[in-house]
Amino acid sequence: MPAGRAVSGRLENDMTTHAMTDAARAGAVTRRGVPRHLADFSLAERRRWVAELGEPSFRAVQISAHYFGRLTENPDEMTDLPASSRRELVGVLLPPLLRPVRELACDNGLTRKILWRLSDGAYVESVLMRYPPRHSRHAALGAEADADGGSRHGRVTLCVSSQAGCGMGCPFCATGQAGLVRNLSAAEIVAQVAVAARTVARGEMAGGPGRLSNVVFMGMGEPLANYRSVVDAVRRITEPPPEGLGISQRSVTVSTVGLVPAIERLATEGLAVTLAVSLHAPDDELRNVLVPINRRWPVRDVLGAAARYAEVTKRRVSVEYALIRDVNDQPWRADALAAQVKEFLGRLGHVNLIPLNPTPGSPWTASTPRAQAEFVRRLAAAGVTVTVRDTRGREVNGACGQLAATVEFRGRTVQETPAPSMAALDDAVR
């Protein structure tokens, strides 16, 4: 395994083929206590890891095929592995990363939110959504669908978390108000997707058996603030088995509040994922309040980086805009947004309007239907492609901006924070 990513424990020189030492098992744990997992590594790295464990390197391919291709972690189902070492080998390469704590469903079972407890006691949430056949191709969180819409049962999208909490501090977002606990490992991200893919494949949600077709990095956390783990996870999600889960890169969306250097770096990765920029205001005065990182990278810098991403990848950029009543829904802001999207992104720009989802204690609400309709009309009249997001999961606090695990972690409640003050908006919104 490469330097910096090798298992930390040194193996005994006299390790036999089927006997794994305590050092090898200890080496499967990172310094922060998060277990190393097969999904953290490329297939070549997995081969070297297995060889260091004293097993033939092709065992890595076999276990990878089970995890990514057959969507199983159960050693009893891996009958091509020797019975004498099967459980121990699987236990080292596929340690449990997520434990379900609570599951809530709505939309007649077509939307499911799961609260996960991680190995160190941190919590994250993910949301699985099934859309009927011929549903609007942009409704699922702005993600693009495969040509067949996912399956004959309709597209299935997973909203995945990349961090426990979030450090961006956006005042209208429950996760942003919770604060950052830690980054997730690549495998912790991939595990959310693998569980969802298995759930859909086995028909364990409404609509019967199907295929997970889309993944959006729009759950808890700022994906590009956890850059290396997110990019590694995207590769595991999109590479074909036994390397990964085989979901099309074009069906993966990575969102960001606008970390300009990370956007520019993402453009060099050779990935064809959709970039979604959480803009929420066309002017720096208001965006400084709604998205505090704007003080570091203002609107034009963010859109400039998004334009370069679109130019390099030839992929459409989705501009995310949460409509907040009497805050950012004024007609002149619609006109300003349209002008900026046309200037920077042209035909590769798309605006995804999001009716603000309620969060506990927040004084803000969604725009009125009339204001929303006028905002849409002005964007469309200016020649900008625009859609209004389907607000799936509101009933279970699983919609955009609502994810924040309300649980105790290391002595503090993760969601219970004071409602944001409106004072800072008094001048900016006018």
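Just so you know, glycine gets a Cβ as well, placed from its N, Cα and C.
Worth saying up front: this structure is predicted, and the values here are computed from it rather than measured.
Features as listed in Swiss-Prot:
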{"type": "ACT_SITE", "residues": "Glu125", "note": "active site, proton acceptor"}
{"type": "DOMAIN", "residues": "152-395", "note": "domain 'Radical SAM core'"}
{"type": "DISULFID", "residues": "Cys159-Cys400", "note": "disulfide bond"}
{"type": "BINDING", "residues": "Cys166, Cys170, Cys173", "note": "[4Fe-4S] cluster binding site"}
{"type": "BINDING", "residues": "Gly221, Glu222, Ser255, Ser278, Leu279, His280, Asn357", "note": "S-adenosyl-L-methionine binding site"}
{"type": "ACT_SITE", "residues": "Cys400", "note": "active site, S-methylcysteine intermediate"}
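Known features from Swiss-Prot, placed on the structure.
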residue: Glu125; record: active site, proton acceptor; Cβ neighbours (10 Å): 27
residue: Cys159; record: disulfide bond; Cβ neighbours (10 Å): 31
residue: Cys166; record: [4Fe-4S] cluster binding site; Cβ neighbours (10 Å): 26
residue: Cys170; record: [4Fe-4S] cluster binding site; Cβ neighbours (10 Å): 22
residue: Cys173; record: [4Fe-4S] cluster binding site; Cβ neighbours (10 Å): 28
residue: Gly221; record: S-adenosyl-L-methionine binding site; Cβ neighbours (10 Å): 30
residue: Glu222; record: S-adenosyl-L-methionine binding site; Cβ neighbours (10 Å): 27
residue: Ser255; record: S-adenosyl-L-methionine binding site; Cβ neighbours (10 Å): 24
residue: Ser278; record: S-adenosyl-L-methionine binding site; Cβ neighbours (10 Å): 26
residue: Leu279; record: S-adenosyl-L-methionine binding site; Cβ neighbours (10 Å): 27
Measuring Cα to Cα, how many angstrom lie between Cys170 ([4Fe-4S] cluster binding site) and His280 (S-adenosyl-L-methionine binding site)?
10
Consider the binding-site residues Glu222, Ser255, Leu279 and say which one has the Cα lying nearest the Cα of the residue listed as 'active site, proton acceptor'.
Glu222
Could you tell me which of these binding-site residues, His280, Asn357, has the fewest other Cβ atoms within 10 Å of its Cβ?
Asn357
Measuring Cα to Cα, how far is Ser278 (S-adenosyl-L-methionine binding site) from Cys173 ([4Fe-4S] cluster binding site) in Å?
12
Name the one residue among Cys159, Cys166, Cys173 whose Cα is closest in three-dimensional space to that of Asn357 (S-adenosyl-L-methionine binding site); these are the recorded positions.
Cys173
Quick one: average pLDDT across the domain 'Radical SAM core' (152-395), no decimals.
95
Helix, strand or coil: which one is Ser278 (S-adenosyl-L-methionine binding site) in, per DSSP?
strand
